[in-house]
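As annotated by TrEMBL, domain 'Copper amine oxidase N2-terminal' applies to 66-143. Positions annotated as domain 'Copper amine oxidase N3-terminal' by TrEMBL: 161-256. As annotated by TrEMBL, domain 'Copper amine oxidase catalytic' applies to 300-704. Taken from TrEMBL, the feature active site, proton acceptor applies to Asp372. As annotated by TrEMBL, active site, schiff-base intermediate with substrate applies to Tyr457. Residues or ranges marked as 2',4',5'-topaquinone by TrEMBL: Tyr457.
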Amino acid sequence: MMNSFVKWALILFVLVSIILNIVLIGIHTSKAPKCSTQRVHPLKRKHDERSLVFADLSRQEYLQVQQFMLKQKDLDISTNQITKPWGNFLFLIDLSLPKKADALAYLDGKSAKPDREATVVVFHGAKGCVKEYVVGPLPNPTYHRDVTMERYNMELPITARTVTIGEYDLLFKYVGEVFSELGKLMKESFDVDQNKKVNAFEQMPRGIRSEDRKTWISYFRDMSGMYIHPVGFELLINHKSVNASEWKVERLLYNGQYFDTVDELKEKYDTGSIKKIVYKETPDYGSLKPRRKPLQIGPQLFNAEGKRYSISNNHVLYLDWSFAFGLSSVTGLRVFDVRFKSDRIIYELSVQEAMSVYGSVTPGMILTKFLDASIGIGRFAHELVRGVDCPHEATYVDTHRYIDVSVPVRYRNSICVFEHNMGQPLRRHFADFFSNSYGGMVNSALVFRTITAIGNYDYMWDFIFYQSGSVEAKVHATGYISSSYLVDGSLKYGHQVAENVLGNIHTHFINFKVDLDVLGVNNFFQTKDMEYVNVSLPWMPDHYAMVPQLVEKQLKTEQEAALRYDTKTPRYLHIASNKTNRWGHHRSYRLQVFSFTGDHLPESQAEERAMSWARYKVAITKHKDLEQFSSSLYNQNNIWNPAVDFSKYIKDNENIEDEDLVAWVTTGFLHIPHSEDIPNTVTVGNGGGVLLRPHNYFDEDPSIHSADSVYIDPGSEDSCENNRMACLAQETCSPVLEPFTYNGFDGVMKFEDWV
C-alpha cells in the first residue's frame, strides 16, 4: 500500500507540475514585452551648440559672477545671505541676452559668438538706490558696467527694491513685538501664543505714492491653504527707512474696525468697547489631502517606440521643429530661434508679466495690484511631480537660479518636455458620397512646460509645438484664491466661500512677447476680417444678396497697430513677409488670441502706467534691444513711477512697415471666486493664450508629410501600409518606467529657517 501511495503521489506531483508550468508559460507569453528605449524615428537634423548663446547661466558661471562682484571694493557688497536693508546686497544674477543682430549673425554663421554676459542687480542700501550691472565676458569676467540709466532712463530708488529675505526677517520680528503687546487679544481671538502662530500675506503696492514703503499685512490661520483662512486682523507697517528702528505701525484693522495705534486697540479691547472676535476651531477645508483613499491610477502616456524628440543642453529637436530654451528668474519660461523645417519662425517667445487687480472693502485687498515679475516669476519654478504636473514618461530638466540667495540654487526637474496626444485628430475626413475612404492624423504635439507657484497661485506655462507648423503659448491658473475676512459691505466684492471668508473678485492679465521673424526680419503687420456687401447676382442682375467679403488692411505705425481691449479688433492679425507663396499671397503667421480678461484698470489711476501693456490685446512695435521687456523687477514697488512704462514703446509711433516687428500679446481671465474654488481653483476654464498659425506661409498643410498620417480605403482595412494603427495590437509593448522621485522640498526656505 505504501508503494502504491508513493506512486500515485508522484503521478499527482508530476501532473500538478505540468499544469503549473503550462499556466506560467501562458502568463509569460501573454505578457507584453518591454518597450525598447532606443529611438525608432531618427532625428531629422542635428543639435546645434549655437543654442547655448541663449542658455541660462550655469552654476559655475553664477559663482564666477558672484565672486567677481564681491571683489569690487567700490561696490562694498555684503557676503551675508540675510543682508539687512541698510547693507549692499547682491540680489540677482541672470543671463543678459545678447543684442538680436549679434545673435542672428552668430546663429546664421555670419559672425563670431557674441560675448556672454550676466545682469546683476545690487540693492545699495547704504546709498539709497538700486543698480543694474552688466558683467562679462563669461566664463572669466573682467568688467562690470552700470546700465541702470541706459535701460530705464532713470535712477532707481531703494524703495523700488523687492522685499528680501533679510527684510522679511526684520518685519516678522517687528510684528512679533506687536503681537506680544496684544497678547490677550491674540490668544482670545486667534489662539496665538508662544506655540501657535498666524501667517502673513501682504498687500501690494506698498503705499499710495512714489517712494512709499507702507505695507498692509493680513493674517491667516496657520492651516493648510492659509490663504482661505483669514482671521480679521491687518496691520499697516511703514518700513520705508532702511533702519528698522524707525519702522512703525500706522494703522490696524480688527474685525472691520480701524485703530490708529497698538495702544488704542489694546485699550479698547481690554475695556470691551469694541466688537470682539472669539476664537473657535475651523474645519480644515483648505487641505489637499485626498478625501478618499486613492485606489487606482488613471490613464498614462508612454512612448511605444521611444521618444521622438531629443534634448541636448538647452536645445530641443522634435520632428520638424527645433528651438533653444531658458528660464529667467524674473520673467520665467522663454524659447528662442524656433525653427520649422529649418526656417526660423520665431526669434523669441517668452512670458513677460502676470498681473492681478483685486477688489475688496478691507485694506489688505482694496488696493492690491500684483505684478509677479517684481517678485520673480521663474524664481518660483519648483520641481514638477511626475505623473501629475507632467506625464510620468516626460523628460525633466534641472535649472539653476541666483535670486535672494548666497549661492546658486539647483531646482531639480523644474521643466518638463513631452510629446502628447492632444485628444482629437489634427485633421480627418470620411468620404461617403462618390467613393469611400478615410484619411486622418492624430494630433500629437510637443509640450514644453514649467509651473510657477507664486504665493497663493500656481501658473502652468505651456509652449506647444504642432505638426501643422503652429506654436501655442498658453497659461492655466490653479492654487488657492486670495480671500479676506467677511465684514459689512464685503459681498459687493465677491462671494462668501466659507464661514467669515470672502473670495475676492480679481483679474488675471498675462503678457507674452512674440518676436516673429517671418522669412527674415523685414515684415509688416496685416489684418483681415469680413464684411457683408450687397451684390448683384451675375445671372440675375436685378436680384441682390448680402455676401461676406474679405477685408484686408496694412497697419503702418505703432499707434495704428496698438489694438486695445476696449475697441473692436480685426479677427485675423498677421505678421507678414513681402515674399509670397505659390498662389501669390503674402506668407505670414497669424496671432490668434484666446482671452477672457476682465476690464483693465482705468488709465486715470496712478498705478496704471506700470501695467500699461494690459491696455492692448495685441500691440506691434519695432524691435529695439532696449525695449526688451514689457515690465520690470521694480514696477511693483515703484508702481507710481515705473521703471518700464510699456505705453512709451508706442508713444514714439515708429513706422512698422518692412521692419523687424515684435508682437506683445495680452491674455487672461476675470475670476469671480465661488464655492467650487474651495479648496483649490481648477485649471479648467481658468487661462488663456495665443496661437501662432501659418497663414499662406506654406503651399499646403505641412502635416500632410507626417508619418503619423493614416489612410484607409475599402479592402485595406487590415493593411499597415498607410495605417500603423492596424498593426498596433501586434506591436504593443509595456513601458519601461522611471522610478517615482520627488525632491521639490529640498532647499525651500521657510520662515523658521531665517531666524
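Every residue, even glycine, has its Cβ placed from backbone N, Cα and C.
In TrEMBL, annotation is done automatically, which means it is predicted and not curated.
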Could you give the mean pLDDT over the domain 'Copper amine oxidase N2-terminal' (66-143), rounded to a whole number?
94
Taking just the CA atoms, what is the gap between the residue listed as 'active site, proton acceptor' and Tyr457 (active site, schiff-base intermediate with substrate) in Å?
10
From the DSSP assignment alone, can you count helix, strand and coil residues within the domain 'Copper amine oxidase N3-terminal' (161-256)?
31 helix, 29 strand, 36 coil
